[in-house]
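A.B. asks: I have a structure here, written as structure tokens, and I will follow up with some questions on it.
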Amino acid sequence: MQPASAKWYDRRDYVFIEFCVEDSKDVNVNFEKSKLTFSCLGGSDNFKHLNEIDLFHCIDPNDSKHKRTDRSILCCLRKGESGQSWPRLTKERAKLNWLSVDFNNWKDWEDDSDEDMSNFDRFSEMMDHMGGDEDVDLPEVDGADDDSQDSDDEKMPDLE
């Protein structure tokens, strides 16, 4: 029996943990206020996996859930205190070789003023703030309309 490899990421109201076990069977996930226990049989050889995690902060076990797919089991843990950042998943600072941060899904939501806004909306908003309005009065720049010679118009000295 060994722990299943897992990836995790943090959101404003939830913490997500994905246990990477293909063809899992007999999946058992137990949510407690400050602990998560995961077990299953995985792969073609029905290898037994067991993970016990003492969580960094408390969760709401009644509002936490999991979903099994052919490739993994995704656990959605409802935070006990919404909006509280989790710098790590576990209570202990020890590095666990089976646990890593899911940087593909990681988002620095603390600096994000509107989490629900889609990427397209952000792009559209950014484009709206770009130039292109003809009614905008731009400040005068000295020499912008001059036809005088610039320093790059001068002849370069020959190389020796």
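Glycine too: its Cβ is placed from the backbone N, Cα and C atoms.
Fair warning: this is a prediction, and the values are worked out from it, not measured in the lab.
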A.B. asks: Checking feature assignment: motif 'PXLE motif' per Swiss-Prot, candidates 45-48, 77-80, 105-108, 157-160. Which range matches?
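C.D. replies: Checked against Swiss-Prot: motif 'PXLE motif' maps to 157-160.
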A.B. asks: For the candidates S64, S82, S113, I need the one that Swiss-Prot annotates as phosphoserine.
C.D. replies: S113
A.B. asks: Swiss-Prot annotates one residue of S34, S148 as phosphoserine; which residue is it?
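C.D. replies: My reading of Swiss-Prot gives S148.
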A.B. asks: Quick check on the motif 'PXLE motif' (157-160): DSSP residue counts for helix, strand, coil, in that order please.
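C.D. replies: For that range the per-state counts are 0 helix, 0 strand, 4 coil.
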